[in-house]
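Student: These came from TrEMBL, pasted as-is:
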- 23-46: transmembrane segment (TRANSMEM)
- 61-171: domain 'PGG' (DOMAIN)
- 67-84: transmembrane segment (TRANSMEM)
- 117-137: transmembrane segment (TRANSMEM)
- 149-166: transmembrane segment (TRANSMEM)
- 178-200: transmembrane segment (TRANSMEM)
- 208-255: region 'Disordered' (REGION)
- 236-255: compositional bias 'Basic and acidic residues' (COMPBIAS)
- 257-369: domain 'PGG' (DOMAIN)
- 308-329: transmembrane segment (TRANSMEM)
- 378-396: transmembrane segment (TRANSMEM)
């Protein structure tokens, strides 16, 4: 498996660029990632003694490993394809001045800086994904790497590089790139604001709950002699209730893990689809500069500009929302005492974000899959019909469940 991954790195370095120096730089990125992870893990484990993980900690570690491995596999897939087939296509003929040859990327010929930004951001994301897979396959390596959050840092850097590659490769115009950067900043600011709101709510709750706790402590001191027998009875009752509470918490944890896994899967799949569609828009790109058209620009951008803009910004919104969902699922930001409340709140936010994500993806598909507004209306009508079917099916299933429960209640009575 490791030999397979190293072969993939060599194929990417040889096929994604046309000169030896760039290939060496691409290969060096993989080594730099592995060196960083080793240094991060070594510094983290210097002051930590070897401790045996409990069953619960081992299960949580395995769950995080699966999520990281899922992201790494899909990220490596899309970045590998994007590196070998860069946006804008390739030159069909040699340059008359001998500067460029057939097979060189069009974006490199028109905007070398933009192409370099796309290439290195995409390459960093690819090498990070391959390094994650190599580390996650070996249990002796991924345990300290996950516990030290080294792999979470690598994943976050890979996501930001994926954003940079999308911004640089999805358009050849600086103004549009600025708009996409503004969209990224807005999305990140929304996440930060939501996190601050959550922290402020937690502080207010702690402040309101401190007063009644002090009153209860004073009352307990006054009734200390009379409460000895009550405490014994309460302890016996707590033992019986502890088992029920433990079972409930296990069920809740399994449900939360399932929701996080589905959200991660949806976020990665939508991000991969939107990334490829943004770099290779529908209709292709102009292969030569003629009749007022610039080489490498999307054909749809010049022929049907409003439709292309609707597709482009809907696709970009879907991509950025997916990246935000993945970022929110990766780290452990809060301490264990506040982790439960954070998970409930963050899952609600991510559920709403994934709805926005999918709606934007549907709009991008409706505008980019055809060239006539009439056909787009038909596609939207199909989407509405499917949603109506699901709504009717859900209401009927709920009504049938209520009838079954009512029938069981009458029979038991």
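Glycine is no exception: its Cβ is also placed from the backbone N, Cα and C atoms.
What TrEMBL says about a protein is an automatic prediction, not a curated fact.
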Student: Which listed range (23-46, 67-84, 149-166, 378-396) shows the maximal number of Cβ pairs under 8 Å with respect to the transmembrane segment (308-329)?
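Tutor: Looking only at 23-46, 67-84, 149-166, 378-396, the most contacts with the transmembrane segment (308-329) come from 149-166.
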Student: Summarise the domain 'PGG' (257-369) as counts of helix, strand and coil residues per DSSP.
Tutor: 86 helix, 4 strand, 23 coil
Student: Reported in the order helix, strand, coil, what are the DSSP residue counts of the domain 'PGG' (61-171)?
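Tutor: Secondary-structure composition of the domain 'PGG' (61-171): 84 helix, 2 strand, 25 coil.
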Student: When you scan the chain for residues with a C-beta under 8 Å from the transmembrane segment (149-166), skipping those not six or more beyond its ends, what do you find?
Tutor: 33, 36-37, 40-41, 44, 68, 71-72, 75, 79, 82, 117-118, 121-122, 124-125, 128-129, 131-132, 135-136, 142, 180, 184, 271, 275, 278-279, 316, 319-320, 323, 326-327, 330-332
